[in-house]
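In what follows, a single structure is set out as structure tokens and then discussed.
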């Protein structure tokens, strides 16, 4: 006789009530650090033409552009190392401590880029020092986005995780807007000659005060409820084992959660390739290939990004209602179908059509960024969440980070301005496969954590849904048992000796 496993019901005491004040602080601190990360990426992408002339003088303009963007891409090689390092520490000692460390390293390394003398002053050491600073950034960023997304996800109520998580990439886009705006403002005030001489350094100097503010906010945060629950469980069951912190098993990650790892890699590749193509490569594409002035190209991208800021939280809010998968599928299909039309518009040399083409790509990007920060942390349980997510995220970013360099090389080598569109179509297929195979995570507790609600009333509603789900599961199991027993009866009738 098949036996049914008893399901232990939860009570109101098992539901975590999230404090609104702590949630707002967590979102602000996480988003600010993420904004600073993308502020640097935005600045670097928008001043790539200047950096090419400062650190790679004497080379052909095309070579200068590719070399500057290659320096942008090389640090992605070290990001997986940073991800593994900070991920392991984050699962062992907590999320808050690691986020404080990453923002310090990131702000100092960004600030130091502004201090590097030009190639004319110190020769080959100029690009070498630039590369060292970028690699330090890459190491810290390896634990930044994953840690920030986990921090927000573990602080968010289950029914609002999509909306709350969307503010993390709101910070990313805002960082790009700030970086681009600073570049345009400074270059306009000081003129192109002075900007190439010393003005390009100012945006990098701004990173230090931003880092100090971010450190202050993150230092004041408490550990997330989900991680604290995990520590409490370990403390109750294994006080001796807790002395060295919770254990992280990479064997468990690779063998038990390989499907989640692949899903994470696919989603991040689809999102970040589109991200880097639109927000990092397009300014250079507009200026170098379409012969727009640098400021003109940047202003177009700034306008697009400001529009994205308004769409971003709407996507997160809608994902709490309709789920995360529909947005991944919609974004992937739209990217595949509209990549070529978008670049036909961009290459039209008509300002209105260029804007329309970029806007198409921006809305598609919002489909991905609106759900990514809430989707990724839900794929793994608390005790391995940081390590697993950091490993998968940074491996995929290693691929996505090559986008500006690869796109520039493809265009230069083929003399075909449609190559970026073909590249995006390939990435769209990756996103589509990911969307089809991924599991829905909206409105569900994080793995390894109790349900989380924003107030008592919502907690009671969660309990009602929980009991309804249990009753449905019990009915489903009863039907399965009945079907199995019927199959057993038929087999016994066909082979009577089996039941002897």
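From the backbone N, Cα and C atoms, a Cβ is placed for every residue, glycine too.
So that you can see what the record holds, here are the features copied from Swiss-Prot:
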COILED    453-498  coiled coil
TOPO_DOM  1-37  topological domain 'Cytoplasmic'
TOPO_DOM  59-65  topological domain 'Periplasmic'
TOPO_DOM  87-97  topological domain 'Cytoplasmic'
TOPO_DOM  143-169  topological domain 'Cytoplasmic'
TOPO_DOM  191-194  topological domain 'Periplasmic'
TOPO_DOM  216-260  topological domain 'Cytoplasmic'
TOPO_DOM  282-297  topological domain 'Periplasmic'
TOPO_DOM  319-325  topological domain 'Cytoplasmic'
TOPO_DOM  347-350  topological domain 'Periplasmic'
TOPO_DOM  372-390  topological domain 'Cytoplasmic'
TOPO_DOM  412-416  topological domain 'Periplasmic'
TOPO_DOM  438-500  topological domain 'Cytoplasmic'
TRANSMEM  38-58  transmembrane segment
TRANSMEM  66-86  transmembrane segment
TRANSMEM  98-118  transmembrane segment
TRANSMEM  122-142  transmembrane segment
TRANSMEM  170-190  transmembrane segment
TRANSMEM  195-215  transmembrane segment
TRANSMEM  261-281  transmembrane segment
TRANSMEM  298-318  transmembrane segment
TRANSMEM  326-346  transmembrane segment
TRANSMEM  351-371  transmembrane segment
TRANSMEM  391-411  transmembrane segment
TRANSMEM  417-437  transmembrane segment
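Assigned with DSSP, the residues of the topological domain 'Cytoplasmic' (319-325) fall into helix, strand and coil as follows: 5 helix, 0 strand, 2 coil. Within the chain, the topological domain 'Cytoplasmic' (372-390) has long-range Cβ neighbours (under 8 A, six or more residues past its boundaries) at 83-84, 86-88, 90-91, 95, 98, 142-143, 146-150, 152-154, 156, 161-162, 164-166, 168-169, 226-227, 229-230, 246-250, 252-253, 257, 260-261, 263-264, 267-268, 271, 316, 319, 324, 328, 438, 441-442, 444, 446-449. Across the candidate stretches 38-58, 98-118, 122-142, 261-281, 298-318, the maximum count of CB pairs under 8 A to the transmembrane segment (170-190) is reached by 38-58.
Against the transmembrane segment (261-281), stretch 417-437 shows more Cβ pairs under 8 Å than any other of 38-58, 98-118, 122-142, 326-346, 417-437. Broken down by DSSP into helix, strand and coil, the topological domain 'Periplasmic' (282-297) contains 12 helix, 0 strand, 4 coil. Each residue in the topological domain 'Cytoplasmic' (372-390) gets a DSSP state, and the totals come to 17 helix, 0 strand, 2 coil.
Within its own chain, the topological domain 'Cytoplasmic' (143-169) has Cβ neighbours under 8 Å at 18, 22-23, 26-27, 29-31, 33-34, 37, 82-83, 85-87, 89-90, 95-96, 98-99, 101-103, 106, 221, 224-227, 312-313, 315-320, 324, 369-374, 376-378, 382, 385-386, 389-390, 393-394, 442-446, 449, 451-454, 458, 462, counting only residues six or more beyond its boundaries. Over the topological domain 'Cytoplasmic' (216-260) the predicted model carries a mean pLDDT of 71. Most Cβ pairs within less than 8 Å of the transmembrane segment (38-58), among stretches 98-118, 391-411, 417-437, belong to 98-118. Residue counts for the topological domain 'Periplasmic' (191-194) under DSSP, split into helix (H, G, I), strand (E, B) and coil, are 4 helix, 0 strand, 0 coil. Listed by sequence, the residues of this chain that lie at least six past the ends of the topological domain 'Periplasmic' (191-194) yet keep a Cβ under 8 A from its Cβ atoms amount to none.
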